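Participant: Got a structure for you, questions after.
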Amino acid sequence: MGCNPPYLLPYRLRLLLFFTLCLTVVGWVTSNYFVDPIQVIPKAKVFMASFYKVIPLGKEETLVHDATMEKVELGNCPSVSPNLRGQSKLIFEPDLTLEEVQAKNPKVSGGRYHPEECKAVQRVAVLIPHRNREKHLTYLLEHLHPFLQRQQLDYGIYIIHQTGSKKFNRAKLLNVGYLEALKEQNWDCFIFHDVDLVPENDFNLYTCGDQPKHLVVGRNSTGYRLRYSKYFGGVTALSREQFFKVNGFSNNYWGWGGEDDDLRLRVELHKMKISRPNPDVGKYTMIFHTRDKGNEVNVDRMKLLHQMSRVWKTDGLSSCSYRLLSVEHNPLYTNITVDFWTGV
């Protein structure tokens, strides 16, 4: 009677093991509940690391997803702009200043402009030879900038200024403009533009085609009639390749006259045909002026014209020598100042 029955010990042992197992399970559950309650997923870890990372000023945009930085590709501008107005009545205010013209063209810098709503089909450089014509230049810029903007052109205006006392050389200045402008931009089209001619109709497109273009069909000073059938002066348009092919203008026309006919002969020599706009479109106002000192009539022009076919390969872009004094990017135009130390 003093000893426990042999079957009672296994029962108590089983009961003890049961309670021990229960306590173990409870301890495991509670330890996982109270210890490390927040499980940070990998993406959250990356976000938190980026959040606390020190970013130098000006570098915040590097956190923006690349897709948000992509610029929407613009479509090409139409061949004929919807902004054209046609014939305009030109007004020239006697007290107009360059500052006033600049205020009207806030999006122009260094004479450069491009449309924001579409991609221009051509890059156009307008080259204007100049000396002592500040008022004419102001009038031309006043009308030419909005004229070109309505045509939705990617353009730049270059004024090529001849300093010194030698006779004026329009053709050589235009060669200089072509060479210097190409150092800044690979222009598709070049407009060779007299400073005293202002276009009246913006359907007269300042672009280049398969053939050279003569844009001045008529002007007020000639009753809006063509000066003569083969006239190729005033304002002309040649592509980069066309002008290079004929070796540009001759450099030997000092004073007034002959250089535009020389260029026409070069164009014809290369079997190119000159096109013109409709007479109602190719109309210009010529701002009145007297003959400039240093731009007297070139009495040798006919002799030079007869030499063209023999000398065109060696007289032109390939032989254009000049001293470049400065290139200034003014708000309304880029001014290129040169000196010709040889010549008349």
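Using the three backbone atoms N, Cα and C, a Cβ is placed for every residue, glycine included.
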Participant: From the candidates R219, R225, R301, R310, give the one listed by Swiss-Prot for the same N-acetyl-D-glucosamine site as G258, E259, D260, D261.
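Facilitator: Only hit among R219, R225, R301, R310 in Swiss-Prot's N-acetyl-D-glucosamine site, alongside G258, E259, D260, D261: R301.
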Participant: Under 8 Å between C-beta atoms and at least six apart in sequence, can you list the same-chain neighbours of N220 (N-linked glycosylation site), or say none if there are none?
Facilitator: Y284, T285, M286
